[in-house]
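Feature list (source: TrEMBL):
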type	residues	note
ACT_SITE	E99	active site, nucleophile
ACT_SITE	E103	active site, proton donor
DOMAIN	19-193	domain 'GH16'
CARBOHYD	N107	N-linked glycosylation site
SIGNAL	1-22	signal peptide
Amino acid sequence: MISHTIVLVSLILISFTAVVSAGSFYQDFDIKWGDGRAKILDSGKLLTLSLDKASGSGFQSKNQYLFGKVDMQLKLVPGNSAGTVTSYYLSSLGSTHDEIDFEFLGNLSGDPYVLHTNVFTQGKGNREQQFYLCFSVDGTPIRQFKNMQSNGISFPKDQPMWIYSSLWNADDWATRGGLVKTDWSQAPFTASYRNFNAQACIWSSSSSSSSCSSNNPANNSWLSESLDSTGQERIKSVQKNYMIYNYCTDLKRFPQGLPPECSSA
């Protein structure tokens, strides 16, 4: 969940924060690519993406969102998923875009997925953190990106973003740095999506405003959500036990000094 400062992820439940009620995939998303490899099924309650050697597939939300809380249940590629990436992210467009990434990097059967996260502000990324997925992490915060604009650090709050998801082949880097390649004898690979729900500010390009501008503040209580002391402790625990890479500790990558937001990360 992103509620201005928080990114929350779970084993099969992803929550961003970027007001809408649960609908159907027909209503909320467009299939953007894949030549029939993406399908909306079960009267709009299920969406599947598939990947074979010829192509992957992907979808995009019909709406743009400025702030909010967005939930999606995601079933990752089962079995030997090495080389595949299932991405789920928020992004605006352009060279100075904002973006909040979750990328699930496949692995050999029996090994855990690696969750790759990143945050782009004004076109600048390079803020990667990676985690091993663990059991019973639904609703547990794993990462926080604070608003430090007062210190000259840009923050993704002004550009409305679409929700995207795609399933694609990245065996040049995704699994053990590209050492393990995709086993195409296992194709097609499939990821499944259910129960999309958004409590979010829908952006209107025609009026250059969001739906939250005119809503009753009582209905937008999520706008003031923040991590309490329990949430902070849970983040520390997850990062201690499951984080496998943090750009804020990579001194070799940043020999001239760590990025400024790392001082309070």
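Note: Cβ is positioned from N, Cα and C throughout, glycine not excepted.
Averaged across the domain 'GH16' (19-193), the predicted model reaches a pLDDT of 92.
Annotated pair the residue listed as 'N-linked glycosylation site' and E99 (active site, nucleophile), C-alpha to C-alpha distance, rounded: 25 Å. For E99 (active site, nucleophile), other Cβ atoms within 10 Å of its Cβ number 19.
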